[in-house]
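Participant: Shown below is the structure under consideration.
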Amino acid sequence: MTTGDCCHLPGSLCDCSSSPAFSKVVEATGLGPPQYVAQVTSRDGRLLSTVIRALDTPSDCPFCRICHEGANGENLLSPCGCTGTLGAVHKSCLEKWLSSSNTSYCELCHTEFAVEKRPRPLTEWLKDPGPRTEKRTLCCDMVCFVFITPLAAISGWLCLRGAQDHLRLHSRLEAVGLIALTIALFTIYVLWTLVSFRYHCQLYSEWRKTNQKVRLKIREADGSEDPHHSLLATGLLKKVAEETPV
């Protein structure tokens, strides 16, 4: 959707009915009355979501600012300082958002949430380590480790057996050469293993820090009559009614 010259202030609702592009959109969709268009952005200017509400429906129920759904099966909460139509959010939606963005605060009002972060298991990283290059590197190193380990062991054993045979035949030069070859072979193998292991441990450590399961420490009231949800709905409807132009 083209919003024309709308203001992009976090937490604000912009009246874009005067914009020609917006008028065309309203005519095409058949919505009739003008609408509020709220562009939700963070401080760095990145667009987070777009909220569209009709002006003549101040009695609409509050909706989640992330999934834009109402309180169907899950209560709406107001865990931060955002007000109006941006103040309601599902707990599960907010937890997914905080987990994907790797933050613990609201990107609009910068309120810190009380959260509990749990690292994801190693099996999830093995299935999806991140970008395609890292996934390819991990697969190649694992395949090389599986094939090179027995190959290095067999080669070292054969070199040592050959060195013993040459020592029995008093061929010390050949024996020393085979022993040196065995030492060089195992040195290269150990160094490659340590470097690869350290590299992937570093990638896993970074992935573990940025991919955590976030759980909000918020108590939700049980039952169909939720007093917190009722107060939240009343406040949101009052805010929408105040912002509706006459």
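Glycine is no exception: its Cβ is also placed from the backbone N, Cα and C atoms.
The shown structure was predicted, so the numbers you read here are calculated from the model rather than taken from an experiment.
The zinc finger annotation in Swiss-Prot covers 56-116 and rests on sequence analysis. Annotation source Swiss-Prot lists Zn(2+) 1 binding site at CYS64, CYS67, HIS90, CYS93. Taken from Swiss-Prot, the feature Zn(2+) 2 binding site applies to CYS80, CYS82, CYS106, CYS109. What Swiss-Prot records for 121-246 is region 'Required for interaction with IKBKG'. Under the heading transmembrane segment, Swiss-Prot lists 138-158, 175-195, citing sequence analysis as support.
Give me the local environment of each listed feature.
Facilitator: In the three-state DSSP scheme, CYS93 (Zn(2+) 1 binding site) falls into the helix class. Taking a C-beta cut-off of under 8 angstroms and a sequence separation of 6 or more, CYS93 (Zn(2+) 1 binding site) has the following same-chain neighbours: CYS64, ILE66, CYS67.
In the three-state DSSP classification, CYS80 (Zn(2+) 2 binding site) falls within coil.
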Participant: Would you please pick out, from the binding-site residues CYS64, CYS82, CYS109, the one with the fewest other Cβ atoms within 10 Å of its Cβ?
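Facilitator: Ranked by other Cβ atoms within 10 Å, the binding-site residues CYS64, CYS82, CYS109 bottom out at CYS109.
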Participant: Enter the number of other CB atoms within 10 angstroms of the CB of CYS106 (Zn(2+) 2 binding site).
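Facilitator: Looking across every protein chain shown, the total is 21.
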Participant: Give me the CA-CA distance between CYS106 (Zn(2+) 2 binding site) and HIS90 (Zn(2+) 1 binding site), in Å, as a whole number.
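Facilitator: Cα to Cα, CYS106 (Zn(2+) 2 binding site) and HIS90 (Zn(2+) 1 binding site) are separated by 14 Å.
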